[in-house]
Amino acid sequence: MATKAVCVLKGDGPVQGIIHFEQKANGPVVVKGRITGLVEGKHGFHVHEFGDNTQGCTSAGPHFNPLSKKHGGPQDEERHVGDLGNVTAGADGVANVSIEDSLISLSGANSIIGRTMVVHEKPDDLGKGGNEESTKTGNAGSRLACGVIGIAQ
């Protein structure tokens, strides 16, 4: 079983970063990292279904959702497995990521290994936006940067 994973985020613009994932036994996954080049504020942060970046971040498909649920926030019962909420960039354009999540995993049915991590243009409304798009994407807008999550040492 993989206990560590890493993802290098890249996009067409200035946004880039490195995200580390670590899981002990059947515990939560600890997600830590740094993303630079962002506009100040909140940005949706999701694991998407496919590890396919052949056409940039668009070929990563929808949010990773093996349980066929509606989009939600990381604390919600009704959420995609890949819904990790938002990262927040300061005035310097840097988001320091520190998330602990019990739904994603580095093994088994909810494994995120080989899938794509995406940082979005806009804040994720956590499924509370009152329209259909909110229940799918959280109205998080375009995909600024992405990368495939791979097994790490």
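Every residue gets a Cβ built from N, Cα and C, even glycine.
Annotation comment: Swiss-Prot describes His46, His48, His63, His120 as Cu cation binding site. In the three-state DSSP assignment, the secondary structure recorded for His63 (Cu cation binding site) is strand.
There are 29 other Cβ atoms within 10 Å of the Cβ belonging to His71 (Zn(2+) binding site). Feature annotation from Swiss-Prot assigns Zn(2+) binding site to His63, His71, His80, Asp83.
Residues or ranges marked as disulfide bond in Swiss-Prot (evidence: similarity to another entry): Cys57-Cys146. Annotation note: Cys57 (disulfide bond) sits in a strand segment as assigned by DSSP.
Summarising the annotation, Swiss-Prot assigns S-palmitoyl cysteine to Cys7 and lists similarity to another entry as the type of evidence. In three-state terms derived from DSSP, Cys7 (S-palmitoyl cysteine) belongs to an extended strand segment. Listed in sequence order, Ile18, Ile19, Phe21, Gly33, Met117, Gly147, Val148, Ile149, Gly150 are the same-chain residues six or more apart from Cys7 (S-palmitoyl cysteine) with CB atoms under 8 A from its CB.
What Swiss-Prot lists as N-acetylalanine is Ala2.
Neighbour count (other Cβ atoms within 10 Å of the Cβ, all protein chains): 13 for Lys4 (N6-succinyllysine). Marked as N6-succinyllysine by Swiss-Prot: Lys4 (among others).
Look at Swiss-Prot and you will find Lys10 (among others) tagged as N6-succinyllysine. When other Cβ atoms within 10 Å of the Cβ of Lys10 (N6-succinyllysine) are tallied across all protein chains shown, the result is 15.
Within the same chain, residues at least six positions away from Ser98 (phosphoserine) with a Cβ under 8 Å of its Cβ are Val31, Lys32. As annotated by Swiss-Prot, phosphoserine applies to Ser98 (among others), with the evidence given as similarity to another entry.
For Ser102 (among others), the entry in Swiss-Prot reads phosphoserine. A coil conformation is recorded for Ser102 (phosphoserine) in the three-state DSSP classification, outside any helix or strand. For Ser102 (phosphoserine), the number of other Cβ atoms no farther than 10 Å from its own Cβ, over all displayed protein chains, is 11.
The phosphoserine feature in Swiss-Prot is assigned to Ser105 (among others); the stated evidence is similarity to another entry. Neighbour density for Ser105 (phosphoserine): within 10 A of its CB lie 21 other CB atoms from the protein chains shown.
Taken from Swiss-Prot, the feature phosphoserine covers Ser107 (among others), and the record attributes it to similarity to another entry. For Ser107 (phosphoserine), the count of additional Cβ atoms within 10 Å of its Cβ stands at 13 [all protein chains shown].
DSSP assigns Lys122 (N6-succinyllysine) to coil, not to a helix or a strand. Other Cβ atoms within 10 Å of the Cβ of Lys122 (N6-succinyllysine) number 18 in total over all chains. The annotation N6-succinyllysine is assigned in Swiss-Prot to Lys122 (among others) on the grounds of similarity to another entry.
Look at Swiss-Prot and you will find Lys122 (among others) tagged as N6-acetyllysine, backed by similarity to another entry.
According to Swiss-Prot, the feature N6-acetyllysine maps to Lys136 (among others). Sequence-distant neighbours of Lys136 (N6-acetyllysine) (same chain, six or more apart, CB under 8 Å from its CB) are Pro62, His63, Lys70, His71, listed in sequence order.
According to Swiss-Prot, the N6-succinyllysine annotation covers Lys136 (among others).
Secondary structure at Ser107 (phosphoserine), as computed by DSSP, is coil. His120 (Cu cation binding site) has a Cβ environment of 24 other Cβ atoms inside 10 Å. Spatial neighbours are here defined as Cα atoms within 10 angstroms of one another, and by that definition the neighbours of Asp83 (Zn(2+) binding site) among the recorded positions His46, His48, Cys57, Lys122, Cys146 are His46, His48. Between the CA atoms of Cys146 (disulfide bond) and His120 (Cu cation binding site) there is a gap of 9 Å.
Listed in sequence order, the recorded positions near His80 (Zn(2+) binding site) (C-alpha within 10 Å of its C-alpha) are His46, out of Lys10, His46, Ser107, His120. Taking CA atoms as the reference points, Lys4 (N6-succinyllysine) and Ser105 (phosphoserine) are 10 Å apart.
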